[in-house]
Amino acid sequence: TAWRVLQLGGSELDAVEKGCGQCEIDQCDGSVGYGGSPDESGETTLDAMIMDGNTMEVGAVADLRHIKNAIGVARKVIEYTKHTLLVGESASLFAVRMGFPYEDLTTQKSLLVYSKWLNQSCQPNYWKNVVPDSSKSCGPYKRPEKVTYKEEQTISQRSVHNHDTIGMVVIGGTGTVASGTSTNGAVHKIPGRVGDSPIAGAGSYADSTAGGAAATGDGDIMMRFLPSYQAVEYMRMGTDPTVACQKVISRIQKYVPEFFGAVICANTTGSYGAACNKIPGFTQFHFMVSSPLLSQPTEQVVDCI
């Protein structure tokens, strides 16, 4: 969809918006758009961002409720406000003023995921150091009178496919760069949680003097390292896109060896690459490429490091 927009004369931002928007409509992988990743209260909320690498403008929404086209609302933040990020119900009210329909993002599928989770005593979840014991029961949780710290091991109980993102980098014919993301976030997240996807430099980053990058994976870990910004800075220094992505993953590995994550990178000449962190159940990363050198969109695969 994004490639078609470019071929029909649309801008790089148009391509990112329509490409990510198509994934929202298709509910890609259950991790993008409505009807997926219910939070602890059973509600689906959306995060998205879009970035113009010419002007360095960013539009983003987080914890967006009742609006299906999150990337579209993010674009309107650039076009109609002097802000960068709008959140929660206030972002939804802005979207309605911009003409987006206010609708229920819950589906039978997301309700089923939610009820199954409740039946499993709310396992897995994102709480730690609370009472009652979050590894055995549902809340409401509160902090204990006396804190005894216990390291929570969460990687084993969470499937590496339980949250993901559509991340996109578009390089125009003249080297103009745009990027964007859209996601419904982590399954069973604590309401109000915002991941890396709508954060500039974390979920994605675009700079028409260097290139663009987008990240996917465990947003709570990824956002602490601004991987997309860092990858673009490596490319600015002349680093090959694949190596730039690998260097970003390696930096995170030093602190969190078992994290789930991947980064895609493309520079202004159209060279591209990707890298991912190797963990059990996630040893390769697949991404799609469209370019004048390819007759059709092509799936690429990299081995994780």
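Even glycines carry a Cβ here, placed using N, Cα and C.
For T165, the entry in TrEMBL reads active site, nucleophile. The C-beta environment of T165 (active site, nucleophile), restricted to residues of the same chain at least 6 apart in sequence and closer than 8 Å, consists of S31, V32, T181, S182, T183, S197, G203, A214, A215, T216, G219.
For R193, V194, G195, D196, T216, G217, D218, G219, the entry in TrEMBL reads substrate binding site. Cβ contacts within 10 Å of T216 (substrate binding site), excluding its own Cβ and spanning all protein chains shown: 28.
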Using a 10 Å cut-off on Cβ-Cβ distances across all protein chains shown, tell me which of the binding-site residues (G195, G217, G219) has the largest neighbour count. G219
Over all pairs within R193, V194, G195, D196, T216, G217, D218, G219, the annotated substrate binders, what is the largest Cα to Cα distance, rounded to whole Å? 16
Which one, from the binding-site residues D196, D218, has the smallest tally of other C-beta atoms lying within 10 Å of its C-beta? D218
Counting only residues 6+ apart in the same chain, whose Cβ is under 8 Å from the Cβ of V194 (substrate binding site)? D47, A62, D63, V87, G185
